[in-house]
Amino acid sequence: MRRQLKWTLAIAVLLIGMIGYGCSNVTETDLNEPEEELLEAGSIIDGSYIVVMKPDEKELESKGKVYIENFRTSLMADAGIANDRVTSTYSNALYGFSANLDENQLSLLEKDDRVSYVEADKVVTLAPPCGTPNGGPCDDDPDDGDGDDGGDDGGDTEAIVPWGIDRVGGAVTYSGSAVSWVIDTGIQLDHPDLNVDSNRGFTAFSSGPDGKDAGDRNGHGTHVAGTIGGQNGILGVASGVVQVPVKVLDRRGSGSISGVIAGVDYVAANASSGDVANMSLGGGTSQALDDAVVNAANQGVLFSVAAGNSSTWAEDSSPARVEHPNVWTIAATDSNDNFASFSNYGPPTSHAAPGVDVESTWNDGGYNTISGTSMAAPHVAGILLVNNGSVNSDGQSSAAPNGDNYPIASHN
């Protein structure tokens, strides 16, 4: 029997564990706090900083990770930073750490020649719903395909093929070796339509329900995963691909730039060249996050990134503004190829993909229909898997507010 949700507010994440090489110690805030009291995306987290180190390249090449750990320990000791003030360490996509610092420690680090730069940590959250003051306008086109209308309680066993999957070339049973890394709110670990590798899952949280595992207590990450690789009851682009949950946002869709970097660092440490990472998130700009994505991309990881939901320039948000041959920034269209009214645009946006009324898996074992560039990016993540790292196009969108028409992504 097919279970479905009807979510009238189309919400998408835009930003944007102690497993493997990197570590994170992000403390989950009180989850009973009312949603409206949460800090907005891009807000500075008081006293929290990201420190990017400048190690000696020759020493690093000869001594590797041991050198990085010793380098970090020495730097922290000289600045008087105790271990319990450190919230994350980075040894792959970046060399550095995040920590709670006082003014004296911050000043010492900023003056230290061993430090490349220090950046204030910021909040990453779920984007505001469309139609709210900060959420951009909604798409009200009645022809924007409502994926919740199919099926019933009569036991329909035919797999659902959402309109967006058809638009980008259809579902393909994935038989390759690449892996999908979903950097998001986690994935429902036992969803019947997803091939989840929970053993390699990562959580950036050390406390609260989201610190227990990489499971999805929000729904957004599960929705993204279904578009990438849904199978059985609902089909994704690369149907059946192995997917690893990299949880950097909690059940309210809230996190930090430092936590997102911890997730990217984990992917850089564990992914293989040709693997695909989806980042349907963002929140202001961050040089540290941009650098982490670039460095992971330099290792051969392919990134599909949501352009953003604010109907403004993609270059004003991280990691959407990253320009790299292995990073694709994706805008959203509706079922008539109209450029979505909420979608960001402009360089480095490369393609548009279905992002209005997109049906996919949800974290209750069923399905949900939501909208956003968060829904567009995973279509391209699936295409990158099916096409071994390339994205074709089929037609183009109507004009974006800046006058550009974007090629609509396809694997054909």
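In case you wondered, yes, glycine gets a Cβ from its N, Cα and C as well.
Keep in mind that TrEMBL annotations are predicted by a computer and have not been checked by a curator.
Of all ranges given (333-352, 353-372, 393-412), TrEMBL attaches the label region 'Disordered' to 393-412. Under DSSP, the residues of the domain 'Inhibitor I9' (48-126) split into helix, strand and coil as follows: 33 helix, 29 strand, 17 coil. Secondary structure of the region 'Disordered' (393-412), assigned with DSSP and counted as helix (H, G, I), strand (E, B) and coil, comes to 0 helix, 8 strand, 12 coil.
Distance noted between the C-alpha atoms of HIS220 (active site, charge relay system) and ASP184 (active site, charge relay system) is 7 Å.
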